[in-house]
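Notes follow once the structure below has been shown.
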Amino acid sequence: MATGPRPAAGFPLARPRRLRRTPALRRLVADVRPHPADLVLPMFVKEGVPEPVPVASMPGVAQHTRDSLRKAAAAAAEAGVGGIILFGVPAVKDARGSSADDPDGIVQLAIADLVAEVGGDVVVMADLCLDEYTDHGHCGLLTESGDVDNDATLERYASIALAQARAGVQVVAPSGMMDGQVGAIRAALDGAGFTDLPVLAYSAKYASAFYGPFRDAAECAPQFGDRAGYQQDPARSAAEALREVALDLAEGADAVMVKPALAYLDVLRAVADAVDVPVAAYQVSGEYAMVEAAAAAGWVDRERVIDETLTAIRRAGADIILTYWATEVATRLARG
């Protein structure tokens, strides 16, 4: 007759503290360890500036020139970082976000630079959206009434995907939260012969207050309204996120993302349990800025908080973590 698992011994036989006694013991039994290869570094590249421009709300982060971008990417590769994801800041914006798919646009040029510089060692990804490129700051084309036109925007996303693919990008990462975006991008890529180019979908992306500093870095704050009409509502359960993930996978996504990370660890866990593709989580600008501000004030131990947050994200199910601390953490992990 089958029996269930034996009940665990109780105190005093069982003493969990035995395995916490020394640093060596704790290292031996640790089973959640972020690794440099799991980390992706978000990077901003700005057109028309002679020097990197520091982002005031994100200490340590800059809008790069093409030259400084190459140097920072080389440092990330040397540290063992697994990937880089690019965000462009063009000199000229318009209602269509024309520079987003311009072969000579800043992101296309930066993609080619990085593929040549580090493409054999680091996965070069690009964010695929319109908010950085439009003069109104929304993630799609607008109707006459000022709403985002979902289906017209899909045509723009398909064109951007092809421009990034022709520049040599190794992963496209659509973040606009338009219905059908993954399918439109996948069809365009396959139709042009880019059948092997992966799509990392921002599948569960919330209309979050944690994005504030990013909008300084990418210069993409909406000029009117907000993005709550297309990004997910934080007040919805994980079921909605799972629906978004399922739709993206059905349309051909190769990996999925939850964004932000720390405030949505429950969603991250639910997604990780539900899918058999890699799951990414984005530790966003507000998460970064809060830790940096608290550390600068002397209120927290900076390195310990960074490590603890990354461990929590990994434990919740992330295979890939996008973090502005990627190079720093990878360097520290390599030291042991």
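Positions of Cβ are set from backbone N, Cα and C atoms, glycine also.
Annotation source TrEMBL lists active site, schiff-base intermediate with substrate at Lys205, Lys259. According to TrEMBL, the feature 5-aminolevulinate 1 binding site maps to Arg215, Arg227. The annotation Mg(2+) binding site is assigned in TrEMBL to Glu244. The annotation 5-aminolevulinate 2 binding site is assigned in TrEMBL to Ser285, Tyr324.
For Lys259 (active site, schiff-base intermediate with substrate), the nearest neighbour among the listed recorded positions (Lys205, Arg227, Glu244, Ser285), judged by C-alpha distance, is Lys205. Geometry remark: Lys205 (active site, schiff-base intermediate with substrate) versus Glu244 (Mg(2+) binding site), CA distance 9 Å.
The CA atom of Ser285 (5-aminolevulinate 2 binding site) is located 17 Å away from the CA atom of Arg227 (5-aminolevulinate 1 binding site). Counting only the Cα atoms, the space from Tyr324 (5-aminolevulinate 2 binding site) to Glu244 (Mg(2+) binding site) is about 26 angstrom. Within the same chain, residues at least six positions away from Arg227 (5-aminolevulinate 1 binding site) with a Cβ under 8 Å of its Cβ are His138, Cys139, Met177, Ala207. Contacts of Glu244 (Mg(2+) binding site) defined by a Cβ separation under 8 A and a same-chain sequence distance of 6+ are given as Ser203, Ala204, Gln232, in order along the sequence. Every protein chain shown contributes to the tally, and the Cβ of Lys205 (active site, schiff-base intermediate with substrate) ends up with 26 other Cβ atoms within 10 Å.
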